[in-house]
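Novice: Dropping the structure in here first, questions after.
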Amino acid sequence: MYIKQVIIQGFRSYRDQTIVDPFSSKHNVIVGRNGSGKSNFFYAIQFVLSDEFSHLRPEQRLALLHEGTGPRVISAFVEIIFDNSDNRLPIDKEEVSLRRVIGAKKDQYFLDKKMVTKNDVMNLLESAGFSRSNPYYIVKQGKINQMATAPDSQRLKLLREVAGTRVYDERKEESISLMKETEGKREKINELLKYIEERLHTLEEEKEELAQYQKWDKMRRALEYTIYNQELNETRAKLDELSAKRETSGEKSRQLRDAQQDARDKMEDIERQVRELKTKISAMKEEKEQLSAERQEQIKQRTKLELKAKDLQDELAGNSEQRKRLLKERQKLLEKIEEKQKELAETEPKFNSVKEKEERGIARLAQATQERTDLYAKQGRGSQFTSKEERDKWIKKELKSLDQAINDKKRQIAAIHKDLEDTEANKEKNLEQYNKLDQDLNEVKARVEELDRKYYEVKNKKDELQSERNYLWREENAEQQALAAKREDLEKKQQLLRAATGKAILNGIDSINKVLDHFRRKGINQHVQNGYHGIVMNNFECEPAFYTCVEVTAGNRLFYHIVDSDEVSTKILMEFNKMNLPGEVTFLPLNKLDVRDTAYPETNDAIPMISKLRYNPRFDKAFKHVFGKTLICRSMEVSTQLARAFTMDCITLEGDQVSHRGALTGGYYDTRKSRLELQKDVRKAEEELGELEAKLNENLRRNIERINNEIDQLMNQMQQIETQQRKFKASRDSILSEMKMLKEKRQQSEKTFMPKQRSLQSLEASLHAMESTRESLKAELGTDLLSQLSLEDQKRVDALNDEIRQLQQENRQLLNERIKLEGIITRVETYLNENLRKRLDQVEQELNELRETEGGTVLTATTSELEAINKRVKDTMARSEDLDNSIDKTEAGIKELQKSMERWKNMEKEHMDAINHDTKELEKMTNRQGMLLKKKEECMKKIRELGSLPQEAFEKYQTLSLKQLFRKLEQCNTELKKYSHVNKKALDQFVNFSEQKEKLIKRQEELDRGYKSIMELMNVLELRKYEAIQLTFKQVSKNFSEVFQKLVPGGKATLVMKKGDVEGSQSQDEGEGSGESERGSGSQSSVPSVDQFTGVGIRVSFTGKQGEMREMQQLSGGQKSLVALALIFAIQKCDPAPFYLFDEIDQALDAQHRKAVSDMIMELAVHAQFITTTFRPELLESADKFYGVKFRNKVSHIDVITAEMAKDFVEDDTTHG
């Protein structure tokens, strides 16, 4: 073992971490200037290994910290790494590190980076061969000089330390302390023995009276024992009887509680049924109200439809009569029109003939009148014009005017002809258009009738679907109410579960669900969602009989959360904390649970709890972790036996536990608050709620949605049909309007036709007159201008006058006749057009309208709708009647349930009264049992107070009755009163003091033996100390002589043990001969004392001659240092260490002696490591490795250097300063 490496940081001049290159296992030399830090390096090693730095005050610790430029060092450490390949240290490692760390307020040791105590370190070093009694494996600078100048007594002290006499001294001090303590105890015992002897003498005198007293007292105690024993047996019998009664009462109470719980369960079940039935009644009543409202609405619709149908039927019936009447009227109108037309046909030819004659007469009259006018004009022109030429000029002018007027007349006549022709053509065209529109009107009417029929069909279908939807709505409402009732029931069960569970746990479960919902909404951490499996309680099932024991076993572990891995739980917890959610959660990560298969006992009295649980094998680890080491046992006795035998937790079905550690827990467990039962109820309610919601969503809501879609489609169809109806009705109205307009046009054209014809006739007559005047003027042109008419012209005038008179008379007759006929025609035509034909048009229109109504579309649709509404009313009434029946039946059922509830309430009350009665009885029995137990304790106490009794006392009075016993007891008490003055405890005190005397005598003997042993031990210790000093002196003296001869060839040295005699004079013994002298002196005294030694002297000769032997004070300084070195080497050879540290031991030696010391170190380095410092080259010759210490900026540094650099360093230390 040797120092392999040293690491220093912050210690004295070593500020930065300094890792010294590994040392050689032989001789290592450190060189450096004065003050560079060599000695500090040695101090660092001594700081870790030596006792010198063991108890440091804060200011001393601060003094060891580095002080220099830069920030202050607040802590320092020194670490020594030992090569332990030889296993000298009792640690199974080739390298062992020992570090000491100090600061202003700390001082710690670390062994292989583990904190240890100072004592542990010192013990470890002592086990490796580092002796506390020989600290000279580290020789500091100046130590050689100190030893060279030390007095003899100091060397004796050194020899005693090397010999290890300190241990003997410590043990001697302990022995002296024990001896003093023993002496004190001996004195106390002597005093007690003296007092006891005096007391025993006094008690001896009181014994005689006490004997009589004891005789009667013995009898009294025997009697009292018998009395108390009889009372005790009687009390025990009563207690046994009470225990049996209590057990019976307890069993009965359990049965009553079970019956009461059954009654409560039945009552809860009945209450639930009543709630469900009331909810059902409420739903049915609500449905009935809805049905009533629907029925009222349906009745209103039916009434409207019935009135409408009646109106339509009446209208159809009326239309039929009206049609007959209209047809009859039409026929009469046609007959009258035909009659009038016939009359008109008969009158019109006459009228036309008269008119034609009249027109001819008028034309002839006009012509004759014009001709006469022309003749008169001709006669008048004779006086009018003066000449023929003037006349002709005027005639030409008149002719020109007449020609222009005639042309105008002709144009007018042509225009009227054209107008009449156009009127006739328009009439034909109008008739064609009218017929075409009439055909279109019939088509439109047919299309409207078809659309009406289709509209009513769609409407009826829509009404049927609405009725079906109303029914489904009622069903949905009923289901919703049932759903609400289920939700309320679920909330109550969840509330009960919450009440039976801690708030923090429930908050934790809610918070975990929020975290998972957050992951689902965000669509993240899918593996976390898949890796979470809920709480333990939701993942297994078992029989209800095991609920209590399972729940008691698991406790709050029922609410632990099962996850696939610790990663899943970490993710959940990170989000849990991030969202700052409340609650307490505990995870069971399946990948981290370490469960082993358990060997269960094979017995019929117990079964493994886990075998009664049903769960997914995937979660086997979690359930084995919670329930795997628990047995369900038949009874507490079995539980206790198995728990002790198999180191397993055991539990009964009632929940009484026996831990494998020995603890027993149990008592009454309220099964009504079973969390497993509550969880089962919650789960069942959730499933039922889910089924109702699924039914509601899958059936009713889907059907309602389907019907809504169909109704929407039908509404769209109805809107489309209505749009088409409006379109075709608008087209029909347009056609009718257009037909009316055409008819009016035709009538208007007929009205203007006759006036135009008369105007044409008038124009033609006027044209003839103008043409006649023109012919007359033309004939007069060129004739002679006469003042009188010619005879022929005069005759013509007379003839014309006669003709004119005749024509005027005829014309008047014709005019009268024409006016008469025209009046007839006008009256007939007016009657025809304004009355008959107009009425005929009205009749035709009414007949057309009747034909539209007579199609029966509206009536058919109304009748169909009325039948549908009647069916719905009937269905509604039937459903309402069914609801009434159901309500009656349900109310009857509620009454029956209420009666049953009353019965169960009475039964529960009876059970409760019985339980209360049993409880009171039990309390009475408990009180009585308490009193009996108290009496029992009193009897037992009194029996104990009687003290020890002879054997006869247990049997002597057993046959006596209590009366006899009390009589004898009274007699005893009377006799005992005579000895009331006697010291009752005299005998006891005598016996007690006698026993104490014996014990004290034994204790005195033991102390005497102990005192003698201590004296012997002290003599042995003194002898061993003497022998150790003698042996050590011999070894050191021998080694000193040998080492000195090697250091000083031819020289001689010896150690001298100096003694002091009784008279104060001194003697001395040298080296080897001292042993016999001491043994001789030992024969005169039983134990030789080391106190006779006063010092260790040194006698040396550097020439080897006996006569030149000198004392230390006679030597020079170098010789003293050499002798001191020889003494140190001698001590080290006597008690070798694994390594040595020498700081400038060759300082005062000359070159020759330094060489001898170097050779000595080389010899010793074969078996031990040396680390030395020097300023001389001789020590370098025996070294294996060299180190240089430099000091820069108040900081020391140590590095490996070569031998040449080391020599250069010691020869001229300024080179590497």
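Backbone N, Cα and C define each Cβ position, glycine as well.
As annotated in Swiss-Prot:
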type	residues	note
BINDING	Gly32, Arg33, Asn34, Gly35, Ser36, Gly37, Lys38, Ser39	ATP binding site
DOMAIN	530-642	domain 'SMC hinge'
MOD_RES	Lys105	N6-acetyllysine
MOD_RES	Lys106	N6-acetyllysine
MOD_RES	Lys140	N6-acetyllysine
MOD_RES	Thr783	phosphothreonine
MOD_RES	Ser787	phosphoserine
MOD_RES	Ser886	phosphoserine
MOD_RES	Ser1013	phosphoserine
MOD_RES	Ser1065	phosphoserine
MOD_RES	Ser1067	phosphoserine
MOD_RES	Ser1074	phosphoserine
MOD_RES	Ser1083	phosphoserine
MOD_RES	Lys1190	N6-acetyllysine
REGION	242-268	region 'Disordered'
REGION	1059-1090	region 'Disordered'
Novice: Would you list the other residues of this chain near ATP - those whose C-beta lies within 8 angstroms of the C-beta centroid of Gly32, Arg33, Asn34, Gly35, Ser36, Gly37, Lys38, Ser39 - in sequence order?
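Specialist: For the ATP site the neighbour list reads Asn40, Val1189, Phe1191, Ser1196.
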Novice: Near the region 'Disordered' (242-268), which residues from the same chain, at least 6 beyond its ends, have a CB less than 8 A from one of its CBs?
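Specialist: For the region 'Disordered' (242-268), the sequence-distant neighbours (Cβ-Cβ under 8 Å, at least 6 residues beyond its ends) are 671-672, 900-901, 904-905, 907-908, 911-912, 914-915, 918-919, 921-922, 925-926, 928-929, 932.
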Novice: Would you mind ranking the binding-site residues Gly32, Gly35, Gly37 by how many other Cβ atoms sit within 10 Å of each Cβ and giving me the lowest?
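Specialist: Least crowded of the binding-site residues Gly32, Gly35, Gly37, by Cβ count within 10 Å, is Gly35.
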Novice: So what's the average pLDDT for the domain 'SMC hinge' (530-642)?
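Specialist: A mean pLDDT of 92 is what the predicted model shows over the domain 'SMC hinge' (530-642).
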Novice: If one looks at the chain holding Lys105 (N6-acetyllysine), which residues at least 6 apart in sequence have a CB under 8 angstroms from its CB?
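Specialist: Listed in sequence order, they are Pro58.
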Novice: Using DSSP, what's the helix, strand and coil tally for the region 'Disordered' (242-268)?
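Specialist: So the region 'Disordered' (242-268) is made up of 27 helix, 0 strand, 0 coil.
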Novice: Quick one: what's DSSP say for Ser36 (ATP binding site), helix, strand or coil?
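Specialist: Where Ser36 (ATP binding site) sits, the three-state DSSP reduction gives coil.
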Novice: Going by DSSP, give the three-state secondary structure for Lys1190 (N6-acetyllysine).
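Specialist: For Lys1190 (N6-acetyllysine) - judged by DSSP and reduced to three states - the answer is strand.
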Novice: For Lys105 (N6-acetyllysine), what is the secondary structure by DSSP, using just helix, strand and coil?
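Specialist: The residue in question, Lys105 (N6-acetyllysine), is coil (DSSP, three-state).
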Novice: Rounded to the nearest Å, what's the C-alpha distance separating Ser886 (phosphoserine) and Lys106 (N6-acetyllysine)? Just drop the number here, would you?
Specialist: 91
Novice: Hey, how far is Lys38 (ATP binding site) from Lys1190 (N6-acetyllysine), Cα to Cα, in Å?
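Specialist: Here the two Cα atoms lie 9 Å apart.
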Novice: Around Gly32 (ATP binding site), which of the listed modified residues (Lys106, Lys140, Thr783, Ser1013, Lys1190) come within 10 Å, judging by Cα atoms?
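Specialist: If one measures from the Cα of Gly32 (ATP binding site), the modified residues that come within 10 Å are Lys1190.
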Novice: Which entry in the list of recorded positions, Ser36, Ser1013, has its Cβ near the fewest other Cβ atoms, using 10 Å as the limit?
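Specialist: Ser1013, out of the recorded positions Ser36, Ser1013, has the fewest neighbouring Cβ atoms within 10 Å.
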Novice: For the recorded positions Arg33, Lys38, Lys106, which one has its C-beta crowded by the most other C-beta atoms within 10 angstroms?
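Specialist: Compared across Arg33, Lys38, Lys106, the most Cβ atoms within 10 Å surround Lys38.
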Novice: For Lys140 (N6-acetyllysine), which of the listed binding-site residues (Arg33, Asn34, Ser36, Gly37, Ser39) have their CA atom within 10 A of its CA?
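Specialist: Of everything listed, what lies within 10 Å of Lys140 (N6-acetyllysine) (Cα to Cα) is Ser39.
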Novice: If H, G and I count as helix, E and B as strand, and all else as coil, what does DSSP give for Ser886 (phosphoserine)?
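Specialist: Helix, per DSSP.
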Novice: Do you see any of the modified residues Lys106, Thr783, Ser1013, Lys1190 whose C-alpha is within 10 Å of Gly35 (ATP binding site), and which ones?
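Specialist: So the list reads Lys1190.
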